[in-house]
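J.: From TrEMBL, for reference:
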{"type": "DOMAIN", "residues": "61-139", "note": "domain 'Cobalamin synthesis G N-terminal'"}
{"type": "DOMAIN", "residues": "146-243", "note": "domain 'Cobalamin biosynthesis central region'"}
{"type": "DOMAIN", "residues": "246-386", "note": "domain 'CobE/GbiG C-terminal'"}
{"type": "DOMAIN", "residues": "399-609", "note": "domain 'Tetrapyrrole methylase'"}
Amino acid sequence: MLLFQDFHPLVAIATTPTAAQTLQPLCHSAGGTLWLPESLHTSEQNNDPTVSFYQGSLKSHIASLWQNHRAFIFGLATGAVVRLIAPLLQDKSSDPAVIVVDETGQFVISLCSGHQGKADQLTRMIALQLGATPILTGGSTGLNLPAVDMVGIPFGWQRGEGDWTGVSAAVAKGERVEVIQEVGSTLWQNHLPSGHPFVFDADEETVDVNSANSQSINARIWISFTQRRFSPDSDLPKVQWHPRVLWVGIGCERGTSRELIETAIIQTCQRHHLALSAIAGIATIDIKASEVGLVEFCQAHDFPLRTFPAKVLRSVTVPTPSTVVDQAVGSPSVAEAAALVCSERFSACSERFSASDTNVPTTNLLVKKQIVRADDQPGAVTVAIAVAEQEYTGRIGQLLLVGMGPGQLDQITPAAKTALSQADAVIGYSLYIDLISPILHPGQIIESLPITQERQRAQRAIELAQWGLTVAVVSSGDCGIYGMAGLVLEELKAQGWDGKTPRVQVFPGITALQAAASRVGAPLMHDFCAISLSNLLTPWDVIEKRLNAAAQADFVIALYNPRSRTRIEQLTIAHRILLQYRSPQTPVAIVRSAYREDEKITLSTLDKLLDIPIDMLTTVLIGNQSTRLHGDWMITPRGYYRF
Ligand code: SAH
């Protein structure tokens, strides 16, 4: 459900029993309502809360759902869907996502609002759930490029004025598109395919429009807080993205109206050519936290209202301090100081400002304190604007802790695949990232770190999620078995996590012991346990104790991390312990790289275990006293009594 929340409320519509059967499980997993004609009503559907029935014409029913749903999944012929929705379509910036699934669920088509309505994303997600082929026809998809009107979405950037169609067309044609990025994250630039059409502003010779080199530039993207007016006569299509980096500090008299606050901010921004959509939020002193006009203004624009006690504000050096203000509220500055404090808090991924921090640089201040009054409005407002190094995303971050199974794509659960396809950022060990690359798509931030840096990987994931991104952390096998889930949750707990934000969801995967077992038959079957021989994070005496106990208790044992280039002794000691309790003839399976290209399986007996090549990609399974080998199979009986 968490995965599909961007698409809620979501509806699916089918008019035949086959299409209803295809869409019903989808509605369960995605958390949507399936609408069927009254004629398809059967008694068993009465108990299914996800199914509803419409009466009368489908056309008028869809019209009644259109405005208040974010996504429509149709189990109808594409032609019928086009006719049904044609009169309802208005604008790609406001229309819902519309996708079509064929009756038997083999194909999922992104029909309308592919980018801004996120129909392309929903299509990929639904296709992964159904095991279907996603059909995306947008220009940038085929080029393996992120869409121009989507690149800033993970970071909460706002689309500004411009010729979005013109610039997108230039990208689709492979023309050179200049990018002038003044603020905001550059993470989106890190995973562009080679031969991408973007020319970054660092390439000096192409910046001057009048130079000969500029001939080759066919479109331009500005990423800044400046409000630019583009001439309608220009043949160069241009667009502007606005990362939310501006913090507006506000001071106001009691009873100042919402209108006056709004006018003051709009006027100040216009005078300084600042884009209103680059505003991150509003900052003020704590005694104004319930000032009605200010609260109403923030609610209307969905701006966060950040407030600070006088003792924090007075510690900030500002250009325009006032003794009158100091006497009234206990700080010589409200607007300038509050804007500066907020801008500083957003100068790193996490909010790291503390009350004792007094080194807020005044260079962040773009607009010094302005006082605005209006004859017809009560009160007075002071406005100051500071710029933060990092944008405010306005999004609640998510951590998707994903187990990707042993290594073959079809061993990953559909839910895990959906999670991976939906993430803004995917973090994991490079080998695993390579294995899942067919599921990933352009525009995703991919960060791989060496295998030894699990803790850094967890911290990076948390940092991005706290900033507002949806981050998938990938482990091989199951993420909760010697995987990243524990590390991430442990680290979150250490950071004082409230258990809610960022949101966390864990996606299980097939762990190595199951994968290995499946290749040799049924060696686990009965009571079994897993023991990792790695003493990097566990003291060796604990491991030895467990080996003794498990061997004595006749558990089938799966040894993870059996031997590395530097840890050689551990397996020898384990072997000695096992032989104290188990017959030398006990069957063992040595499975290396299960479900990967270089898979190698060896069946043997405990006495010969150390003669077989074993490394870090290997899982060793040791049978119990009833386990037997039978040809290429290792079988542990379901119970003891039959042997
Ligand atoms: N989270 C993983 C385990 C990571 S610990 C899981 O649930 O499977 C790493 C160890 O897992 C390796 O040393 C090896 O013992 C085992 N392992 C992981 N993938 C494997 C595979 N494809 N085949 C055999 N063993 C594997």
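Backbone N, Cα and C define each Cβ position, glycine as well.
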J.: Give me the DSSP three-state residue breakdown of the domain 'CobE/GbiG C-terminal' (246-386), ordered helix, strand, coil.
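T.: Split into helix, strand and coil, the domain 'CobE/GbiG C-terminal' (246-386) gives 55 helix, 33 strand, 53 coil.
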J.: So are the domain 'CobE/GbiG C-terminal' (246-386) and the domain 'Cobalamin synthesis G N-terminal' (61-139) touching or not, going by 3+ C-beta pairs under 8 A with a sequence gap of 6 or more?
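T.: Between the domain 'Cobalamin synthesis G N-terminal' (61-139) and the domain 'CobE/GbiG C-terminal' (246-386), which are separate recorded stretches, there is no contact, as judged by 3 or more close Cβ pairs.
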J.: The domain 'Cobalamin biosynthesis central region' (146-243): mean pLDDT?
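T.: The average pLDDT of the model in the domain 'Cobalamin biosynthesis central region' (146-243) works out to 86.
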J.: Just to be sure I understand, if DSSP states are collapsed into helix, strand and coil, how many residues of the domain 'Cobalamin synthesis G N-terminal' (61-139) fall in each?
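T.: Summed over the domain 'Cobalamin synthesis G N-terminal' (61-139), the classes give 30 helix, 19 strand, 30 coil.
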J.: Please count the residues of the domain 'Cobalamin biosynthesis central region' (146-243) that DSSP assigns to helix (H, G, I), strand (E, B) and coil.
T.: 23 helix, 27 strand, 48 coil
